[in-house]
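I have placed the structure first, in the form of structure tokens, so that the comments after it can refer back to it.
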Amino acid sequence: MSEQLKVPTMAEYMAEGKQPEVLFWVGCAGSFDDRAKKITKAFVKILNKSNVDFAVLGTEEGCTGDPAKRSGNEFLFQMQAMTNIEVLNAYEITKIVTTCPHCFNTMKNEYPELGGKYEVMHHTQFLKSLLNDGRLTIEGGQFKGKRITFHDPCFLGRGNGVYEAPRDLIRKLDAELVEMKSCKSRGLCCGAGGAQMFKDAEKGDKEINVERTEEAMEIKPEIIAAGCPFCNTMMTDGVKAKDQESKIEVMDIAELIANADDL
Amino acid sequence: MNYIPNILFAIALIIGIGYFANNIRKLFRNIKLGQDVDVSDNTSQRWKNMINIALGQSKMVKRPVSGFLHVIVYVGFIIINIEVLEIIIDGLFGSHRIFSELLPTSVYGFLIASFEILAALVFVSVVIFWIRRNVIKIQRFWKAEMKGWPKSDGNIILYIEMILMALFLVMNATDTAFQSMNSGNVISQFIAPLFSGLPEVTIAVIERSAWWLHILGILGFLNYLYFSKHLHILLAFPNTYYGKVKPKGQLDNLVAVTKEVKMMMDPDADPYAAAPEEDADEIPAKFGASDVQDLNWVQLLNAYTCTECGRCTNECPANITGKKLSPRKIMMDTRDRLEEVGKNIDANKGVFVDDGKQLLDDYITREELWACTSCNACVEACPVSIDPLSIIMDMRRYLVMEQSAAPMELNNMMTNIENNAAPWPYNQMDRLNWKNE
């Protein structure tokens, strides 16, 4: 970390009487998980480079409630949702970007009925919009010509119909985008959704992330691109389980773009 | 005496349609056992969905082979059924091929030619379907939940369709007057020679038998629907209309919970205040679902619509990796339990008497419910907009909110969220530490 990251908080903005153009919702994985923190930082580097006026909630952020809701605990979900909505509304937030498709889905779809109405974007959509507005340039750099496949996060793809933004960004890297046999609306889950991330799988013949990694291996990618911190963990574990670490890297789209630019 | 066939026909028609109507009435009653749900939104999108997905078969053709064959059978059945109109008029009034007299020969010939070609195509498609199930043994037709009746049901439908199509063609082939018209007999003219050596009387008897068996077969098939997965030919239409129009990732928020949470978070709320009177009947008997009556009526309609094709199970990551969960089984179990509840109501003069059973545990096990990743692959795969995930989620809600019966690791995760607003035991005050690491 040669350069210091600029990560202002909403509290600081409020003290200065300013409003950022967008709130970056970091999420629990992005805040605490060692692997996901790298994604968070890569995304912040891009935001800093593109001079995006953003802020985070920092210690005022709390779990959106997604894993609780999908475990069946509607009480806990709504407690989390209402607490977050109170904070977001107090700061008069209108636009949110997040690197986690679970936070994205929950805030975009399930918060409005509870009083939290915001424009919510996944970071790949946001980066795409920066690109379209000419605020971000993407160059292939070290990824030029590399075979990259994109693993669709369920809550971004099937859950919300976002398939092209992440792929457009990969294409911009001058990489060779290759598709797994089940992709886009038929993309196979990494195995983490529905709160499975936090428990052992039920008895079966195989782990889901291993199945998905095998699908990826069929098309021999050098990089599996992900857009979700949980998919990232699951696919990284899958690659390890198949002893492919020397051949296949698992990277978030934000990391690809930041690394291509040597950020 | 000449009117006996007409009378017999009318009786057969009344019994066939009457019995069917009675079962449909039961079907409506059973579906209405579900909780109410507001589906008055997005009317135009709902019509579009019905037209594209049910009428236009847009999701069927996502799998090209079975999709193409299905379109043939679907179009065949709809169009050939125009012929049933003629059969009914002929049967009731003793006419013979009434449309051939009403329409110009060329038009009538064109119609019958279309029916014959479609009948032959349907016959071939159905044979291929049978081969896929029984010879190629496509995996999704041989999963655990497809043993016994579901397997027989699938084949019986194919046999009935083969027989009906064969009878239609034989009926035309042995109709000497029709054959001599030589218009529209594009397929049956090649079947006719098979009977050419027989005496005229025998041919006439075969023609009458084929005619009668064909229409009785159709009435029989109509009544078979209620007892079969084949109900989808009717229910696919309402089901695609009432199917989910929100983004697939969105789950509903329980309104009853919202009220309680709002009260908990309201600093002015009086914790000792008695519940207001008018709210008394709004509080649901329970959170989530443990039996079919706890589900909403669209979910129950979903269950009756399921034709057990297994496209959902085929895409389910849990099922692919050998777990017990099969979204198709969730739907079949829901339907079977609903049928059981319906029969209970019939047997007890319109009132459900507790039979000591429920959907949870007696049909769907907890192991199945906890294997779901909520990935929506099943919902996406369904060609008729069934949502197995919503049932799984409602049953998880019952397990967690009524029984506190989540797997231990999930309880730990939820405790963490309650204590420190993250699924892992990290202090909320450390949420921004990554900035300086």
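Using N, Cα and C of the backbone, Cβ positions are placed for all residues, glycine too.
What TrEMBL says about this one:
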{"type": "TRANSMEM", "residues": "B:6-24", "note": "transmembrane segment"}
{"type": "TRANSMEM", "residues": "B:68-89", "note": "transmembrane segment"}
{"type": "TRANSMEM", "residues": "B:109-131", "note": "transmembrane segment"}
{"type": "TRANSMEM", "residues": "B:152-171", "note": "transmembrane segment"}
{"type": "TRANSMEM", "residues": "B:209-227", "note": "transmembrane segment"}
{"type": "DOMAIN", "residues": "B:297-328", "note": "domain '4Fe-4S ferredoxin-type'"}
{"type": "DOMAIN", "residues": "B:362-394", "note": "domain '4Fe-4S ferredoxin-type'"}
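Panel annotation: around the transmembrane segment (B:68-89), residues 13, 57, 60-61, 95, 97-99, 111-112, 114-115, 118-119, 121-122, 125-126, 128-129, 161, 165, 168, 211, 214-215, 218, 233 of the same chain, lying at least six beyond its termini, place a Cβ under 8 Å from a Cβ of the stretch. Secondary structure of the domain '4Fe-4S ferredoxin-type' (B:362-394) per DSSP, as helix, strand and coil residue counts: 18 helix, 1 strand, 14 coil. Nonlocal intrachain contacts for the transmembrane segment (B:109-131), taken as residues 6+ away from its ends with a CB within less than 8 angstroms of a stretch CB, comprise 66, 69-70, 72-73, 75-77, 79-80, 82-83, 99, 103, 155, 158, 161-162, 165-166, 168-169, 172, 178, 181, 183-188. For the domain '4Fe-4S ferredoxin-type' (B:362-394), the model's pLDDT averages out at 98. Taking Cβ pairs closer than 8 Å, the transmembrane segment (B:6-24) reaches residues 88, 91-94, 215-216, 219-220, 222-223, 225-226 in its own chain, all 6 or more past its ends.
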